[in-house]
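Undergrad: Structure in structure tokens, see below.
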């Protein structure tokens, strides 16, 4: 029972932390809407739904690793997740607070790289935890391409 409660707490805390950027660095809709974007840019609503799902998958992956190995038994997973988390939050800061599209794009690339590293590391602890991170990596790779495209269209 203690592991289940701990895993549930890890899920909730991870989800809340990954969701924090939306509150810490709110989107300046007027500025964002003024940017030139490719026709294949998802709507803001779609992006919000996708991130909500991805945050749940990341959180579930973390909860699975925690339930099986706690924090001490999976240090490489937690360290990589922490780095990825900071980079994930930094994207919103660069994009929406600093309005620096190049910095946001470079940061997004680092998010994608750390997402694939996290996926690989997670596989050492749990295949399920690893597979849950695949959509996050794929979306991060797409977001990187989109971010660099938006940056180039607005030079």
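Yeah, the Cβs are placed from backbone N, Cα and C, and that goes for glycine too.
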Undergrad: When Swiss-Prot marks a stretch as transmembrane segment, which of 25-45, 130-150 is it?
TA: 130-150
Undergrad: Could you pull out which residues elsewhere in the chain have a CB under 8 Å from any CB of the transmembrane segment (101-121), counting only those six or more residues past its ends?
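TA: Apart from its flanks, the transmembrane segment (101-121) reaches 35, 76-77, 80-81, 83-84, 87-88, 90-91, 94-95, 130, 133-134, 136-137, 140-141, 143-144, 147-148, 150-151, 154.
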